[in-house]
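Single-structure report; data block below.
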Amino acid sequence: MAEVRKIKNFINGEWVESKTTKYEDVYNPATGEVIAQVPLSTKEDIDYAAEVAAEAFKKWRNVPVQKRARILFNFQQLLQQNKDELARLITIENGKNTTEALGEVGRGIENVEFAAGAPALMMGDSLTNIATDVEATNYRYPIGVVGGITPFNFPMMVPCWMFPMAIAVGNTFVLKPSERTPLLTEKLADLLTEAGLPKGVFNVVNGAHDVVNGILDHPEVKAISFVGSKPVGEYVYKRGSQNLKRVQALTGAKNHSIVLNDADLDLATTNVIASAFGSAGERCMACSVVTVEEGVADEFLDLLVKRSKEVKIGNGLDEGVFLGPVIREENKTRTLGYIQKGIEEGAKLVCDGRELGAPEEGYFVGPTIFDGVTTDMSIWKDEIFAPVLSIIRVKNLKEAVETANESEFANGACIYTSNASSIRYFRENIDAGMLGVNLGVPAPMAFFPFSGWKSSFFGTLPANGKDSVEFYTRKKVVTANYKAPSFE
Ligand code: NAD
């Protein structure tokens with residue numbers, strides 16, 4: 001058997017071997033095959049990357065903003081040219097199907113396009129005559145080295161929420177991608193080099209918690225963007241803040257969709273299936289609970305179960321496959337554990353994903369639906385992050401909203417209805433940062449803020465949109481007294 005390739009770190013514009021002796025296998029989750037080995041890098045590796053990035057910052061911050069933007073324009077072109085290969089890498093290491101992977105590449109490119117607007121986005125403001133002959137001007141500056149820590153479920157899009165804007169406004173960056181999906185990042189680093197990015201501006205240190213701790217503790221790292229699960233996000237937020245860094249941590253979710261009696265059930269079914277089972281339910285915006293009004297509950301559920309049983313499960317590279325694998329064997333085991341728990345807790349299993357003909361090899365779980373779920377059940381409370389959907393039947397919209405608001409999470413929420421008053425009631429009363437009306441995955445585009453409420457987000461400034469410019473910059477306000485010239 002051929003030796004498995006060992007991944008390197010990308011520091012100071014070069015691929016360098018980690019100082020570690022520990023490596024972890026990277027799998028293709030659709031086949032169970034080991035496709036590479038990722039280093040569990042050391043404190044020494046992350047210290048080196050942070051110092052290189054701090055040194056590079058001294059020059060990069062002074063590169064004119066339009067020149068920095070032009071490098072991002074080049075990068076955008078290269079991403080477009082390489083989009084099929086990028087999507088293929090995503091499918092191989094993450095498992096989502098080719099269409100979804102191409103969608104993810106598109107969302108990443110959107111972030112690069114938005115960040116290329118840095119000259120306009122970085123502009124400050126000024127006010128003349130705040131007192132006689134006195135005026136004030138607000139300038140924006142980068143903050144230094146930014147650390148990015150990312151999850152496995154969007155190996156391209158989530159890093160692109162971070163580094164394009166961070167570097168466009170003059171920071172340098174150290175990325176620690178998920179150790180479960182490190183391949184896509186290699187390609188990003190190579191394309192950034194090809195686009196003309198100077199050495200040391202973008203660095204990658206692969207690994208797990210030791211690298212995260214290294215980022216959290218290094219004095220040169222001034223800001224941290226984290227996306228991942230709630231327990232890790234809470235830890236990152238607390239330790240980073242304690243070390244006096246800016247931290248934004250986008251975390252876990254349990255997203256509710258509300259289906260009212262006046263909903264277009266065909267549309268609701270299509271969108272709920274796409275949202276709950278697309279990307280194997282491994283989306284922070286996946287629908288994991290449907291709260292349905294009693295009047296249409298039976299009809300909706302019949303349609304949902306019938307169509308869920310028809311989805312094609314398999315390797316995401318194969319034509320027509322909708323549902324790929326979950327990321328690892330342990331995630332499959334955990335999911336099967338939740339299915340068993342749901343049965344024991346008294347929910348009714350109306351679509352059993354264990355019996356829908358998933359391939360033997362790889363880590364597959366078919367679409368799974370529980371009816372009669374209540375809010376004291378663990379399948380309702382916990383983020384399962386797999387294709388498992390809970391159904392709750394309610395009297396009306398008010399009860400649906402109150403039920404959803406019992407969750408500790410508040411990332412996204414959707415409503416299916418044709419009534420404007422219901423939409424407004426939902427918007428005003430639901431706890432969630434990202435809402436959808438008659439659609440399944442209300443992930444805001446790059447120019448809008450992205451973050452949840454409650455346990456789905458720790459920090460002040462969300463990712464993306466103008467908030468990301470705020471997060472990655474600091475300000476100086478100059479108040480100047482221009483004594484009026486004398487013409488006597
Ligand atoms: P994860 O929390 O396991 O890992 C995220 C990152 O943290 C990885 O880089 C990982 O190496 C690191 N990490 C893991 N355990 C750690 C520890 N003990 N100490 C320090 N670092 C650690 O998350 P995941 O499984 O890769 O991704 C799925 C999670 O991400 C889900 O909870 C999902 O909801 C969330 N997510 C949220 C958003 C959002 O916008 N809110 C977007 C995508 C994913």
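Our numbering is plain: 1 for the first residue shown, then up by one each step along the chain.
From the backbone N, Cα and C atoms, a Cβ is placed for every residue, glycine too.
Here TrEMBL has F152, K176, E179, R180, T251 binding NAD(+), and the candidate from E14, E17, E383, E399 in that same listed site is E383. Here T251 (NAD(+) binding site) comes close to V227, G228, S229, K230, V232, G233, E234, G452, S455, S456, F457, F458: these same-chain residues lie at least six apart in sequence, with C-beta atoms under 8 angstroms from its C-beta. A straight line from the CA of E179 (NAD(+) binding site) to the CA of C284 (active site, nucleophile) spans 18 Å.
Of all Cα pairs drawn from F152, K176, E179, R180, T251, E383, which the record names as binding NAD(+), the longest spans 23 Å. Cα separation, C284 (active site, nucleophile) to K176 (NAD(+) binding site), rounded: 19 Å.
Around K176 (NAD(+) binding site), the same-chain residues at least 6 positions away in sequence with a Cβ under 8 Å from its Cβ are I46, G147, G148, I149, T150, V204, V205, N206, G207, V211, V212, I215. In sequence order, N94, S178, R180, T181, E282, I327 make up the list of same-chain residues 6 or more apart from F152 (NAD(+) binding site) whose Cβ falls under 8 Å from its Cβ.
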